[in-house]
Every structure is written in structure tokens, then in C-alpha cells.
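Trainee: One structure follows; several queries about it will come next.
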């Protein structure tokens, strides 16, 4: 019997059952593993070659199933699922924990002055804009003008929202003021993500049948995809921005932090990082990456097109983005 690896392993799909939350969680713990950010270009290229060769029916001699799946997840962590292009490093989901723990920790630490709020909200929304564009659904490019307009609109809206909430919190107890960054981030996500993915809302995203055959583009599918991403992103922010303020409010009353206030930011960043290590994959897992909707929920003209070209299709599938 040949010991060569079987070609029947479906690496187009995740290793774990995506019909269950636990299966999706296992998948996203791999995709968002922050250690993947440190992988060299050579390692990423090697993973790309293994995956693309396997899909073409070529197996590297001596390759094991575990090594194949490892290559698949290294590949998925760095290359866009629709375009196949290598993603900008800070836009990858594996960069979410180290980037967000730093930015969120600083937002929670430096929330008392208006310049600090403006600066860190701008940094956060600039980072989010990169992530939202990098992990967009579909393969239609945005022009530089469209990208610039989306970025300015998204970041401006987020900063204005943060300042408005900060002014409202002035007469509230200090512990409530600590939650202003979270409220601002939640509101800003509702602005930033649709703006950075506005092309999808206008022109639609690719929808496929169960065999992966492209059936057309749907703006209705884009609306569902973006709504799910907004919910997931707000969910990621809840533990990281709600738990550390409560802990820090208690710690700052202790003699240790009063004596060494310089440790405030590092402690806060560490607490945020601990929350994000779990919140990021678990909230990504709230909805399947390969989302679906009934054909009856699509635009009328696309429904008619599908009835003519693929009459047996009742459900379409699409990459919702991250």
C-alpha cells in the first residue's frame, strides 16, 4: 500500500465542522494565532506552494496530513480567500491580538484628555480601516479615490462619535467614563466597516452554489455579510474594553499602582491582550465564514438569473469577510 498522502482531503474547507460553534472556534483559533505574524516570507511561500500544488493534485513527497493542514492554516492566515493575494501584515487576522491589545490598552489608559481621545481613536480607526479593507469579501478592487474617501469618512465619523460620547460622560461617575472608549469603538465599528466596504454594498459580492460555481454578485448578501462582521467586531471589543476598566479601577486604588503609576499602561495592555486572545477567535466564530442565504433573499434580477442558469439551487454561499 502506498504511503503517499491521499488527494481526497478537502482543504478548500476548514478542518473542523463549520456547522457548529466549537468547530468554528477551533478554526479561528488557528487563523487568528498571533504567532503567524512572525512567520517569514519563505515560510509563507512554502505554505502557498504546498496548498496550491495539493489543490492541483501534486503532493510533496513525505507530506503528512497534519503538515498539510498546518500549511493550509499558514496560507489562510496570510492570503486573501477570494483574490489569493498576500495580505498586508497588520491587516491579517493573526495581527488582531498584538495590534488591538496595544491600541485598546492605550485608549483605555489615555481617555481623560481630548487630544488623547482624538489621537487614539484616529489610530484605532486607521488600523480598523486597514483590517476592514484587507479582509473585505469579494475580488473587486477599490480605486485610490474610493479608498481615500472611505477612510476619511470612517475615521472622521469615529472620532466625532468618540468626542460626543466623551462630552456626555463629563458629569457621570469616573467608572462610567472608563467605558466611553468601548461605546465609541462600538459606534465607530458601525460606521467604519460599512464605509470601508461600501463598494460591496453598491456592486455586491460574489455568491456561489454549494459546489463553488459563481452565480453572480449580490448587494443583499453584502448587507448580511457586513452586519455579521459588525456584530462580531463589537463582540470582540466587549471583554477587552469592559473587563480591564473594572479591574484597573480597583488596582489604581492600591498602593502599588499609586507608587508606580508608570505601570498603568503596561498592566492595562496586558489585561486587554489576555481578553483578546480568547475574544478574537470566539467572536469570529459567531457566524460561519462561508455564509449563506436563501435565493429568495437575493435581488429580483439575480433570482431570475439563477432560476434560468441553476434552477435546482435554493441556497447561495458567500465569503462574509472578517
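Glycine too: its Cβ is placed from the backbone N, Cα and C atoms.
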Trainee: With the ranges 204-224, 267-287 to choose from, which does TrEMBL describe as transmembrane segment?
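Mentor: In TrEMBL, the transmembrane segment feature sits at 267-287.
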Trainee: Looking at the candidate ranges 128-148, 149-169, report the one that TrEMBL labels transmembrane segment.
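Mentor: Of the candidate stretches, TrEMBL labels 149-169 as transmembrane segment.
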Trainee: Between 91-111, 175-195, which stretch does TrEMBL give the note transmembrane segment?
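Mentor: Checked against TrEMBL: transmembrane segment maps to 175-195.
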Trainee: Can you say which of 64-86, 225-247 is given as transmembrane segment in TrEMBL?
Mentor: 225-247
